[in-house]
Amino acid sequence: MNGILSTTEVDSQAELSCPAPAKLNLFLHVVGRREDGYHLLQTVFRLVDFADQLHFGLRADGVIKLHTPTPGVPEEQDLCVRAAKLLQRESGTPWGANIFLEKRIPMGGGLGGGSSDAATTLLALNRLWKLGWRRNQLLKLAPELGADVPVFVFSENAFAEGIGEKLLPIALPPAWYLILTPPVHVSTAKVFSSKELTRNTIPIKIPPFSTEQGHNDLEPVVCASYPEVARHLEWLRQLEGARMAAMTGSGACVFAEFATESGARSALGKIPYGMKGFVAQGLDRHPLHDFAEQ
């Protein structure tokens, strides 16, 4: 474990420190497109123990204040602030919150960092404000914040359909991942609008299925436009002992799956000069799973 997946309560009434774990898409199929332009997907989300850390402090004046703004992102557009204000408005609570974010998950890499931060904000403030909201209530708010937010609120590894809102829990075998971070920023909108994108992959029937059946339909489009992603992925695919290698989301991050920590760390020690990466363990469920009742 990376040690950051800890949840602490200070004075149990006024402060919370909570992780926001990253996710991997073990496969991602584009199976159609709605009339409104949204793409219909099938994917398996795997939570991993590499995480941002968020700290929340109770405020009696109702103000939501982010003390660690992201450069270039107006505070009112920050996903943590939007999540806090949405929950505050929908619940009618008079409480506010101070929010501090320790960012570790690379931005724009397909690891779901911003979405995970938003979900952790919903789950943590549900606890801090003593709202007692059930998970299905929080899940109704999640799509307003982003397509990947629901799975983090769902708090389990999941098979997802639709635009990511139809979620079924899925049991996945223990695994460790070597995750590489190519030095490029992939435009998700550009990838989904590409004429080269396959949008008619035959849907997988569940159950049963195996992640080995899958692939990432976005991968060929991204690799053609971003050679660095292709180079990193090609290196992963020649590793001995890797059960699979793929791109997560719309990139740019790519990963290889191993059965053991030693296998993943051995591969990390072999990465070529100029490549960067880290090892993460697959989780069975979100560390804040119990912050909302089923």
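First residue shown is number 1, and so on along the chain.
Cβ atoms are placed via backbone N, Cα and C, with glycine included.
What Swiss-Prot records for Lys23, Asp148 is active site. According to Swiss-Prot, the feature ATP binding site maps to Pro106, Met107, Gly108, Gly109, Gly110, Leu111, Gly112, Gly113, Gly114, Ser115, Ser116.
In this structure, Ser116 (ATP binding site) is part of a helix by DSSP.
Take the mean position of the Cβ atoms of Pro106, Met107, Gly108, Gly109, Gly110, Leu111, Gly112, Gly113, Gly114, Ser115, Ser116, the recorded ATP site; other residues of that chain with a Cβ within 8 Å of it are Ala22, Ile105, Gly249.
Closest to Lys23 (active site) in space, going by CA atoms and restricting to the recorded positions Gly110, Gly112, Asp148, is Gly112. Among the binding-site residues Pro106, Gly112, Ser116, the ones whose Cα sits within 10 Å of the Cα of Asp148 (active site) are Gly112, Ser116. Counting every protein chain shown, the number of other Cβ atoms lying within 10 Å of the Cβ of Gly110 (ATP binding site) is 28.
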